[in-house]
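Feature annotations, reproduced from Swiss-Prot:
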TRANSIT   1-51  transit peptide
TRANSMEM  98-118  transmembrane segment
TRANSMEM  132-152  transmembrane segment
DOMAIN    145-272  domain 'Fatty acid hydroxylase'
MOTIF     157-162  motif 'Histidine box-1'
MOTIF     169-173  motif 'Histidine box-2'
TRANSMEM  183-203  transmembrane segment
TRANSMEM  208-228  transmembrane segment
MOTIF     230-235  motif 'Histidine box-3'
MOTIF     256-260  motif 'Histidine box-4'
Amino acid sequence: MAAGLSTAVTFKPLHRSFSSSSTDFRLRLPKSLSGFSPSLRFKRFSVCYVVEERRQNSPIENDERPESTSSTNAIDAEYLALRLAEKLERKKSERSTYLIAAMLSSFGITSMAVMAVYYRFSWQMEGGEISMLEMFGTFALSVGAAVGMEFWARWAHRALWHASLWNMHESHHKPREGPFELNDVFAIVNAGPAIGLLSYGFFNKGLVPGLCFGAGLGITVFGIAYMFVHDGLVHKRFPVGPIADVPYLRKVAAAHQLHHTDKFNGVPYGLFLGPKELEEVGGNEELDKEISRRIKSYKKASGSGSSSSS
């Protein structure tokens, strides 16, 4: 502790208390100055002393502070490392869960589609020859529906998902908590028409059922491709293997990543034709930068993975 002194001057502080002649504290002026005006004479004043305490840090406290700071930093570093390990473990578990779901659904849907095609045409062969027109129509609608789904997805993405259905699609533009997100509901919704078309085409004969069967196959093929490219390659929800090295698919992934940056007002809204959309709005330069960034990131991840395994 240290004491300090401070002073203050007050004029006539005791004027009312000591106004009697016996305790007059006024300064006596010499007679030579009595002729001056009263305004020029000295006034009465008092000096007040206030004792002020100042707290000083002791040497012991100053010596202990660096040790406590270093220990706190060590605890913080250990806590952050623990949190990072937990986050990586959770991400690994989520990717494994989604990979199992993707593989099972893809295998199941593909197997059912192949069996449906085989049994449908073999069932029709029992009653006679297969109509070439019906077979061609089934094949044409399969390709046409797969291509048409790209344009449907582009329109729905812009006019519905980023508009009236944004409350559901917003989960796809935020950090995901867990292996699934609310946006995955759209995949289930799109599976409904495919199941209906396949069922009607399988259990009925004729050209129209054959066309419906082909359309259902096309929607199914597009859904599987969309899942592996969009969920696996772009957002890395599960490993996709060698398709990450396909140049055009790498370009597709980079284009969709620019959609999430919102640099071109959400363009591209499509997936497989996303690079074409970016070209129309002058986004080729940004697309090339994103492709280079993804290549570097992929090589870095591959290098770290191989070093850790060795």
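Glycine is no exception: its Cβ is also placed from the backbone N, Cα and C atoms.
Across the domain 'Fatty acid hydroxylase' (145-272), DSSP assigns 97 helix, 0 strand, 31 coil.
Counting residues 6+ beyond its ends, the transmembrane segment (132-152) has Cβ neighbours under 8 Å at 121, 201, 206-207, 210-219, 221-223, 225-226, 270-273 in the same chain. Panel annotation: around the motif 'Histidine box-3' (230-235), residues 98, 102, 243-244, 249, 252-253, 256-257, 271 of the same chain, lying at least six beyond its termini, place a Cβ under 8 Å from a Cβ of the stretch. Mean per-residue pLDDT, taken over the motif 'Histidine box-4' (256-260), amounts to 94.
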